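Data block below; observations after.
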Amino acid sequence: MVLDLDLFRVDKGGDPALIRETQEKRFKDPGLVDQLVKADSEWRRCRFRADNLNKLKNLCSKTIGEKMKKKEPVGDDESVPENVLSFDDLTADALANLKVSQIKKVRLLIDEAILKCDAERIKLEAERFENLREIGNLLHPSVPISNDEDVDNKVERIWGDCTVRKKYSHVDLVVMVDGFEGEKGAVVAGSRGYFLKGVLVFLEQALIQYALRTLGSRGYIPIYTPFFMRKEVMQEVAQLSQFDEELYKVIGKGSEKSDDNSYDEKYLIATSEQPIAALHRDEWLRPEDLPIKYAGLSTCFRQEVGSHGRDTRGIFRVHQFEKIEQFVYSSPHDNKSWEMFEEMITTAEEFYQSLGIPYHIVNIVSGSLNHAASKKLDLEAWFPGSGAFRELVSCSNCTDYQARRLRIRYGQTKKMMDKVEFVHMLNATMCATTRTICAILENYQTEKGITVPEKLKEFMPPGLQELIPFVKPAPIEQEPSKKQKKQHEGSKKKAAARDVTLENRLQNMEVTDA
């Protein structure tokens with residue numbers, strides 16, 4: 001995921017100042033641009049010198065051949081005149097005055113200079129890339145410039161009644177319909193582990209079927225993706241911070257052969273966007289085949305580092321969930337990708353409108369965008385039981401930022417193009433099932449249970465097509481369990497012990513002062 005290097009090169013029509021300004025608007029380090037420009041300039045000088053040295057090496061070989069053809073004496077003198085050693089003034093005439101043995105020595109010295117130059121070039125290339133991959137995509141002009149998404153995300157439009165309040169939050173409702181095992185899930189899988197069961201399994205499957213049918217009717221190709229990716233491929237679709245904060249690493253045998261003890265490093269996907277982005281890696285996509293639209297279905301795995309204490313109960317923010325994703329490869333020409341961007345968010349809006357979920361669309365501030373996104377719109381549903389808007393959909397246009405590193409090119413072949421172009425790539429959530437279930441539970445709650453949304457009825461089993469009944473009391477209204485009481489008593493004892501310790505310390509201080 002990188003920008004075009006020519007954007008940093010003034011002699012190629014680039015504008016480093018524009019990229020520096022973009023970094024500032026993203027509230028990221030603009031100094032990365034200057035470091036990249038410096039490394040790139042040195043890299044280009046190094047490559048130019050290496051090219052010249054190779055030409056001189058070829059000239060030496062040619063001159064040796066001519067001298068051998070003329071049967072000139074080889075000689076045994078390996079001394080090299082001072083004017084030749086600089087290589088900068090080395091010409092065919094200068095070589096013609098040397099013995100074959102001397103020219104061979106010059107050629108060896110040139111080889112050493114080439115190796116040194118190549119080592120420097122590789123070092124500069126790595127330095128340049130380290131800066132390049134941490135510089136974000138160019139921003140769309142409509143992106144709000146701010147580093148505070150809680151205050152400055154721009155509400156673009158609202159659909160439905162986003163003021164109504166209801167009694168229970170999704171945290172209680174998943175228990176009331178007996179569709180969730182949280183404590184046992186945590187014992188088995190750790191923090192945020194859960195079992196989805198009973199009626200909520202049917203509701204989840206209904207959402208998956210309805211979302212896939214909706215996208216299929218709009219020309220999307222359903223695709224079920226791998227759940228893990230090779231490290232070298234994941235590096236091309238994920239930014240560096242995701243490896244620390246989001247992705248799970250999987251270590252396994254590198255071969256199916258029993259005597260092979262090598263190990264392979266892979267990563268669980270955080271979204272089907274990642275494997276679908278790599279689906280056409282190293283390919284040329286023909287203009288007449290675009291857009292290519294995929295409806296990705298996968299389980300997603302996220303560490304949620306940095307989310308400690310947020311949404312710890314229920315199924316809204318979990319480490320594992322199912323998701324249907326819109327993913328599109330688009331032409332880079334004629335504003336086609338931005339037209340597709342609007343089409344994709346509209347598709348998501350119509351899906352949630354059909355489910356009767358109130359929402360607003362927000363334009364995400366520049367400081368909260370990931371490196372790849374040129375612009376991102378979120379659909380945040382109204383949760384009447386929680387009294388808050390919660391994110392259900394993110395829709396991003398990454399332009400050619402992802403495609404460049406994945407080498408997904410636009411057109412036929414390089415021979416038919418004046419300059420290599422890259423396709424534009426877009427992604428948008430259609431339905432993250434656990435979050436959408438939470439939204440349905442809060443919006444469709446009644447005194448007796450959850451009314452099934454009209455569009456999902458045909459996908460639900462007999463007996464559950466109209467109402468999902470409450471079968472358990474709301475946890476918020478229950479007496480504390482024995483375990484909870486024990487934990488509460490333990491907390492009280494610890495607090496009392498701290499108070500006694502503090503009092504003793506104060507008394508000791510008084511004695512000392514006296």
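Just so you know, glycine gets a Cβ as well, placed from its N, Cα and C.
The annotation ATP binding site is assigned in Swiss-Prot to R302, Q303, E304, V318, H319, Q320, F321, E391, L392, V393, S394. Cβ neighbours within 10 Å of E304 (ATP binding site), excluding its own Cβ and spanning all shown chains: 16.
Marked as N-acetylmethionine by Swiss-Prot: M1.
Sequence annotations record features per position, and here Swiss-Prot assigns region 'Interaction with tRNA' to 9-61 based on experimental evidence. When pLDDT values are averaged over the region 'Interaction with tRNA' (9-61), the model yields 92.
Annotation source Swiss-Prot lists motif 'Nuclear localization signal' at 482-494, citing experimental evidence.
Overall, the recorded ATP-binding residues R302, Q303, E304, V318, H319, Q320, F321, E391, L392, V393, S394 cover a maximum inter-Cα distance of 19 Å. The Cβ neighbour count for H319 (ATP binding site), using a 10 Å radius over every protein chain in view, is 18. A strand conformation is recorded for L392 (ATP binding site) in the three-state DSSP classification.
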